[in-house]
Amino acid sequence: MEAVAAVFLFATALLSVVEGSPVTLTLERAFPSNHGVELSQLRARDSLRHRRMLQSTNYVVDFPVKGTFDPSEVGLYYTKVKMGTPPREFYVQIDTGSDVLWVSCGSCNGCPQTSGLQIQLNYFDPRSSSTSSLISCSDRRCRNGVQSSDASCSSQNNQCIYTFQYGDGSGTSGYYVSDLMHFASIFEGTLTTNASASVVFGCSIQQTGDLTKSERAVDGIFGFGQQGMSVISQLSSQGIAPRVFSHCLKGDNNGGGVLVLGEIVEPNIVYTPLVPSQPHYNLYLQSISVNGQFLQINPAVFATSSNRGTIVDSGTTLSYLAEEAYTTFVNAITAAIPQSVRSVLSRGNQCYLITTSSTVDMFPQVSLNFAGGASLVLRPLDYLIQQNYIGEGSVWCIGFQKIPGQSVTILGDLVLKDKIFVYDVAGQRIGWTDYDCSLPVNVSASAGRGRSEFVDAGELGGSTSLCEGPHTLIRTLLLALFMHITLIL
């Protein structure tokens with residue numbers, strides 16, 4: 001009986017550990033559906049995003065994706081992070097176009113009080129955390145931030161500070177602090193609870209412009225860039241997580257998907273190199289083909305320079321083509337569809353009226369061809385957006401846009417969905433493949449090293465609420481063990 005009691009106590013203790021373990025960082029996706037959403041509204045959101053863009057043993061850290069394409073929601077990704085001691089939760093936007101993690105702090109001037117995303121906003125107070133410390137100008141991490149223009153120094157108090165100003169007048173400023181980030185991580189298939197690491201992040205004390213609005217307010221921004229101030233780089237330098245992250249975004253109206261610090265392993269992934277020494281995730285786009293026919297576009301149009309290039313950005317809703325390539329691309333699409341499809345202009349956008357008896361499958365396949373022989377193949381739903389219904393038909397518009405006077409090409413959610421994307425920062429490459437993002441994925445903690453320790457991040461990402469942890473399966477197994485012992489007794 002003592003042995004049975006010991007097993008009983010072990011099962012109870014193990015169950016309590018799982019119940020008391022921290023919730024994994026849950027990525028919330030609030031993205032409007034294609035129905036009835038004006039392209040001008042999406043362009044306005046992307047415009048702000050583009051301005052922001054211009055500014056050892058590893059664990060796999062899981063960000064289970066949850067979200068919706070509900071038209072009443074706002075088009076952004078956000079996740080919940082735990083910071084400080086005792087931990088406090090903050091909702092932060094996922095941004096691959098910037099480097100710094102920052103959250104709103106106490107006495108913030110202009111920070112919104114409520115959010116249209118139905119989330120509770122919080123403020124970080126360094127004085128209330130026993131593990132918090134300020135970052136001085138002499139700190140090595142501050143010096144690294146100064147080199148990448150992510151930080152500056154205050155001559156008055158020797159404090160490491162930042163100011164991010166955006167083209168529409170919105171911006172944020174504050175100072176840097178160091179504190180613990182708490183998360184759930186996985187190593188060799190084992191869930192490690194209560195994991196934490198010290199990271200440097202920004203404490204925002206001033207926000208202006210669009211950041212002050214409550215409509216899509218969150219507590220801050222989580223930068224996933226390549227520079228030293230990014231959390232990716234900080235955790236990698238500490239041997240906590242690999243310098244690679246991956247996502248797989250569901251394209252249906254339910255949204256969701258997977259986002260992990262680690263390499264999603266899938267045999268059909270093709271890779272193309274990153275353009276070196278760039279602040280963004282720039283690729284070598286070489287050509288575009290429609291129905292297998294290469295478009296007559298000078299490859300120099302896509303070359304990377306100070307004001308041009310091809311950028312992968314999961315925070316951009318639509319996708320954008322360099323102005324010199326845009327008309328050729330649109331004309332090729334129009335020429336490839338049946339004459340029965342009526343071509344119309346809607347608010348300056350090329351659109352098509354499709355009857356209920358037809359589908360978008362009649363539209364051509366598009367291929368974006370990159371260095372190394374990697375092609376990103378786009379189905380019609382990867383470049384078309386449904387706008388509204390007219391009588392017995394529906395209006396579909398080309399989701400690719402152009403930025404007047406700009407030669408930049410930006411690959412946003414429109415083309416990234418329903419695909420695995422791997423950002424191998426350590427290997428300076430990006431890979432992708434078509435995938436059903438509702439299925440589980442295998443993840444390796446070491447990109448390109450052939451290690452065989454994989455985890456089923458898809459199951460961890462199946463949580464239906466931001467308040468639910470990734471441990472539903474483990475909890476179920478433990479409860480089954482508990483019931484089995486009870487039956488034995």
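Here the Cβ of each residue, glycine as well, is placed from N, Cα and C on the backbone.
Positions annotated as active site by TrEMBL: ASP95 (among others). All protein chains shown were included, and the count of other CB atoms within 10 Å of the CB of ASP95 (active site) stands at 25.
Take the CB of ASP313 (active site) and look out to 10 A: across all protein chains shown you find 23 other CB atoms. Per TrEMBL, the feature active site maps to ASP313 (among others).
According to TrEMBL, the feature domain 'Peptidase A1' maps to 77-433.
The signal peptide annotation in TrEMBL covers 1-20.
A gap of 8 Å separates the Cα atoms of ASP313 (active site) and ASP95 (active site).
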